Amino acid sequence: MRALLLPACVLLISAHRFLALQTTGVNFSGANPSSQSPRPVRALLPSPSPSLLQPALPPLLPTSPPQPPLPPPFPASPGFKNAYSAADILHELELQQADGLPVSLELPMKSYRLGGTELGLRGGNLTLVGTGPDGATIDAQNLSRAFLVHKAGRLHLRSINIANGVAPSDGGGGLLIGNASAAILVNCTISSCTAEDGLAGGGVRAFGRSTLTLIDCKIISCKANNGGGVSVWAYCSVELMNSLVRNCIASGVVNTFGGGVCGEGSSFLTLTNSAIIDCIANGTRQTLGGGLFLMGSWVTFENSAVYSCLATGRSSTKGGGMFIGAYPTSSRPALINSLLIDCAASGFIDTVRAFPPPQRGVGCTK
């Protein structure tokens, strides 16, 4: 038995030594040892995992939460284009002069600054719709009038705010409409607009057989010599529905008429569910109509009010609420379920001064 085990043990020992010499780089092939690179011991060992050499670090947190990308602008409604600047609107008006086609634009931006150039509509058809949460503001920056519509032009504004318009001539700081033109404003505001010294219609002036309709609109803090808020002259028709004229002033060094509204020249003025509030006519000479001045024209008040208006001046001052005079044609006002209250002329209660007196309907209060 020993004779059989001894050769087996010798054989195992020899194999073990052979493997040890192989790992140390001993050459058994008879070649020059310098011509062969020794085989490193580390080559037989598995490479350590990087995660074992250093501990894993937690990912870095961002310093601020990532901002979502801006959504693309909504496409315009069928038949409309989007306009993103005042230059876009002016460009479309220039194209209209060439091709005569109507222009319909949606305004998704908050403000459109005119930079001294009014938006002039000469015989065409323009529709602007403010699509932002508060509509869109056309800002004339006290450098120009905001809108001019003439030569039988047609203007339709919806959810548009007109601000800081100045009329250097012809009046109408926010909007001047004339020469058989028409304008319809829905859910619009005209504010802080001025017709310069001696001019009429701080907010709006309509003349020359034109038509103006205001629905759910406000005319606020506008100023002119006559008609601080609205001036109507020469065969025009103006209608205010669910609208407000407030804090407007007629002021000048000559005759001053109509702090809120001034109507002259065989025109028609209708107020329905509307009001003229906190308006003032303040002149150095004759001052007539703190809220409304009407001469040779017709006015109808229905469910409307003239409230807290004042006519004040150094000379003849009449009609704190309204002054209604007459040319040879009758201009008697029709008051239906309407109020004229808390108005004064030069500190005295003088709500209505009318020649002839107004026609009063049911439920009217002086």
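Using N, Cα and C of the backbone, Cβ positions are placed for all residues, glycine too.
As recorded in TrEMBL:
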- 56-76: compositional bias 'Pro residues' (COMPBIAS)
- 174-320: domain 'Right handed beta helix' (DOMAIN)
- 54-76: region 'Disordered' (REGION)
- 1-20: signal peptide (SIGNAL)
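DSSP assignment over the domain 'Right handed beta helix' (174-320) gives 0 helix, 83 strand, 64 coil. Regional average pLDDT for the domain 'Right handed beta helix' (174-320) in the model is 94.
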